[in-house]
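Chemist: The following block contains the structure, expressed as structure tokens.
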Amino acid sequence: MTCFRVGLVHKAICDLSKPLKVYKCNFVYFILLLHGIGILMPWNMFITAKSYFEDHKLKSDDEITKHYQSKFMLYITLASQIPNLLFNFLNVFIKLGGDLTSRIVISILVEIVIFIATVVLAMVDSQTCKGNLFFWLTIASVVFLNMANGIYQNSVYGIAGKLPMKYTNAVVLGSNVSGTIVSLISIAAIAIAPNARTSAIYYFISALFVLLACFDTYFALPLSRFYRYYEQQSEKQNQTTYKSSLSYRIPYWTIFKKAFPQLWNVFFTFFVTLLIFPSLHSNIKMSDPNFVIPGKYYTAVMCFLVFNFFSMVGNILPFMCRANEANLDLAADFTSFFTSPRIYIFELSSEQRCCSDSAGSNMQRLGALWSGDYCGSNRRLFCKFGYDVHLKHP
């Protein structure tokens with residue numbers, strides 16, 4: 001695979017030793033934007049298909065299946081986040097072998113195979129499966145999907161890290177847009193399909209198209225002189241610092257202590273967000289039968305589309321107007337004050353109904369815009385300022 005990429009590079013011969021002039025490369029930007037969408041596609045595809053899994057595939061009179069049905073979103077969240085966290089950690093701190101090309105290509109191929117298997121499972125009548133086989137096959141698929149995605153995610157950021165900051169932001173923006181796109185695909189699949197089974201098939205096949213596009217466009221990156229220039233500069237820098245790096249140990253613990261305040265802020269913000277969304281938000285029921293959103297679209301629109309759209313807006317805002325660190329401390333207090341009551345309200349309510357559908361929607365909008373992402377994005381931007389310059393590689 002590496003040889004194939006080298007061959008692509010040599011198709012367009014040009015002198016990369018000269019300094020690169022100011023150059024706008026939207027080609028590379030949109031490729032990284034697409035990969036940003038692909039990074040969060042697996043997570044968003046499975047959580048947004050809540051009604052398909054709970055109301056169609058896991059619908060049963062069996063008590064054990066009923067338990068899995070009622071706690072499905074919790075199981076999906078754990079099966080997604082724990083493997084993703086583990087393999088993100090391994091990919092950053094442990095040398096697993098192989099270059100970025102091998103990691104990205106193999107990871108995407110694994111995800112494609114799992115989504116093909118998911119489409120096949122959608123075609124099978126789960127009622128004929130013995131015991132809770134479908135449930136455990138789904139959980140196993142999610143685990144392996146996010147193991148591959150953990151490596152894919154860090155590898156894409158590794159590629160973007162060779163380029164100016166604008167291109168890392170493209171990956172972040174793509175990740176933010178991913179949830180909104182998946183929500184719209186889900187609504188479209190519900191609208192055009194005659195039943196839940198067909199809707200799920202259309203829905204999961206759309207993920208295959210996105211992943212195949214990510215696979216193809218990755219090999220198009222070396223065709224860009226802009227990308228090749230920065231890749232060459234990165235290789236030169238690595239060769240220059242290789243010898244000194246043999247006797248140099250990165251002070252992870254020192255950096256962690258210096259950056260801890262903002263690291264804690266990032267952790268706390270997203271911990272609270274994932275505690276509420278999707279497991280609690282997706283269980284809110286319609287209270288007004290005459291509400292403007294029809295019943296079959298209620299969860300898809302009022303939970304997933306509303307939250308993901310305002311989450312996307314909240315992530316874009318920090319790039320337009322950055323808050324200072326003092327404001328972030330205030331934001332942390334506001335986040336704690338605002339989100340905690342929502343947890344208690346949802347936990348204490350057996351039916352999980354809001355007294356007003358509009359009020360519930362407004363609560364989700366503000367939560368996604370502020371606590372879920374506006375503060376989180378700002379904190380991630382400030383994380384790099386949490387340690388001193390002298391801690392950098394000599």
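Cβ atoms here come from the backbone N, Cα and C positions, even for glycine.
Relevant sequence annotations retrieved from TrEMBL are reproduced here:
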TRANSMEM  27-52  transmembrane segment
TRANSMEM  72-94  transmembrane segment
TRANSMEM  100-121  transmembrane segment
TRANSMEM  133-152  transmembrane segment
TRANSMEM  172-193  transmembrane segment
TRANSMEM  200-221  transmembrane segment
TRANSMEM  259-277  transmembrane segment
TRANSMEM  297-320  transmembrane segment
Chemist: Are the transmembrane segment (259-277) and the transmembrane segment (200-221) near each other by the rule of at least 3 C-beta pairs under 8 angstroms (pairs 6 or more apart)?
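Modeler: The transmembrane segment (259-277) and the transmembrane segment (200-221): touching, no.
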Chemist: List, by number or range, the same-chain residues at least 6 past the transmembrane segment (27-52) whose CB is under 8 A from its CB atoms?
Modeler: 72-73, 76-77, 80, 84, 108, 111, 114-115, 122, 142, 145-146, 149, 152-153, 156, 159-160, 163, 166-167, 170-179, 181-183, 186, 196, 199-200, 203-204, 207, 210-211, 213-214, 217-218, 220-221, 224, 226-227, 278, 282, 299-300, 304, 308
Chemist: Any residues 6+ beyond the ends of the transmembrane segment (172-193) with a Cβ under 8 Å from its own?
Modeler: 32-41, 44-45, 48-49, 199-203, 206, 296-297, 300-301, 304-305, 307-309, 311-312, 315-316, 373, 377
